[in-house]
Structures are given as structure tokens and as C-alpha cells.
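Heads up: the structure comes next, in C-alpha cells.
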């Protein structure tokens, strides 16, 4: 609440409810995605130790899990997606390694072919013959696609690196929300969020716990009172014959 609600630098002239349309929200999101700076996320690449054993559920298991335990079905789907990503990364790494070895072999074969052709030309000239004396020796075409292969090879490596694991989801969300903040600010905000979550849990759960404790205490008191009352009744019932005999 400002110190000067009427007049002054903190004057509240008119209060209105903010109720933007769905199209307005989409326009703002599109403009922010176009003009905003892309922040670096805390992702780590999948290593060779990840599990790539994909075991998909059958139709019966999927139906029963979706009806009886949707959370288990969602967790299973996420786990299989992670394993599929690991399998894709390993396959891409093997493919790039294989193509790299094949490229090295092709390069060495090219050098060997050029050396053999130079040796043949030298021997023909040494014996006084030209290329026209042997059919097909005057025209020699050896295509060179090494530059294109290297570019595509590099693109494959870059695509493999696009698959990663977000190791700090909250930190990435805070960096995207507040812009270019430092790591110390991210850790501070994470600590504040954790403290806020703990306080909210205490606020939500503490009344329930207190109510349960009060209910148990009230029940114990009522039980003790009822036991005491029954004891008095039994004592009175046992004391009446004795008084008659006296």
C-alpha cells in the first residue's frame, strides 16, 4: 500500500482487473520468443553408461496401467523415452564412428590411386609411349566429395549433441524467467523457493497435525473419564451389599 494513495509519485489512479484474451497472450509469447535472448540451459549430454534396453509394454499392460495407475504408466513412458534417447545417441555415435573410419579408408585409397596413376604415367613416358597407346588412360576422373562429407559428418555430430538431460530444471526456469542472472543469484533464488515450499507445507500440514493430536488427546481424555465413571459405578455396586449386611 503506498504512503500517499491520493496524489504523489505512488498515486493509484484507477484499479482494473487484468483479463487479457487468449490471442493477446499468444501474441506476447510469440514476440518474446522472437526478440528474447536465448538462455543457456543446464543440460548434460548422455554418456555411454546410460541404459538403452527398451522394453515396451503390451496393449493389455498399457490399458490396465492407464486405468488403475496413471502415474505408473506415465513414469514408465518417461523411462522408455529416456532409454530410446540413449539408444538413439549410441546408434548415432556408432554411425558417425563408422563413417569416419570409411572416410579415412576412402582418403587412403584416393592417395594410392593417384600414386599408381603417377607411376603408370612415368613408366609410359620412360618407354616412349603416350596415354593414347593404352585405351582409357588419357581420361582419368576421380571425384572429390571429401568437403561435403566432412560437413555432413559434422552435422551428424551436432545433431547427436542436441539430445541431453536437463540436470537443473529449476535453475533453467529461473534463468529463463529473470534473464541473465549469475549463478549465485540462481542458488539464492532456489534456496528461497525451497524455504517457501517448506513454509507452505508446514502451513498446510500443521493444522491437520494439530487437529489429529487434539482429537487423539480428546479421545484419551474421554476414555479415561468413561473408565473412571465405570469404575465408580462398579465400586458403588460392590459397596451396596456390604452396607445392607452391616
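Backbone N, Cα and C define each Cβ position, glycine as well.
Copied over from Swiss-Prot, here are the features:
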| type | residues | note |
| --- | --- | --- |
| COILED | 75-125 | coiled coil |
| COILED | 143-173 | coiled coil |
| DISULFID | 50-86 | disulfide bond |
| DISULFID | 131-138 | disulfide bond |
| CARBOHYD | 31 | N-linked glycosylation site |
| CARBOHYD | 93 | N-linked glycosylation site |
| CARBOHYD | 141 | N-linked glycosylation site |
| LIPID | 205 | S-palmitoyl cysteine |
| LIPID | 208 | S-palmitoyl cysteine |
| REGION | 58-78 | region 'Fusion peptide' |
| REGION | 114-130 | region 'Immunosuppression' |
| TOPO_DOM | 1-192 | topological domain 'Extracellular' |
| TOPO_DOM | 214-246 | topological domain 'Cytoplasmic' |
| TRANSMEM | 193-213 | transmembrane segment |
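The glycosylation sites considered are 93, 141; of these, 141 has the fewest other C-beta atoms within 10 angstroms of its C-beta. Cα-Cα distances to residue 141 (N-linked glycosylation site) place none of the recorded positions 86, 93, 131, 205, 208 within 10 Å. The list of residues near the region 'Immunosuppression' (114-130) in space but at least 6 beyond its ends in sequence, with Cβ under 8 angstroms from a Cβ of it, reads 137, 140, 142.
Comparing C-alpha positions, residue 93 (N-linked glycosylation site) sits nearest to 138 among the recorded positions 131, 138, 208.
Ranked by CA distance from residue 138 (disulfide bond), the recorded positions 86, 205, 208 have 86 at the top as the closest.
In the three-state DSSP scheme, residue 205 (S-palmitoyl cysteine) is classed as helix. Comparing the Cα of residue 86 (disulfide bond) with the Cα of every entry in 131, 205, 208, these being the recorded positions, the smallest distance points to 205. Within the region 'Immunosuppression' (114-130), the DSSP-based counts of helix, strand and coil residues read 13 helix, 0 strand, 4 coil.
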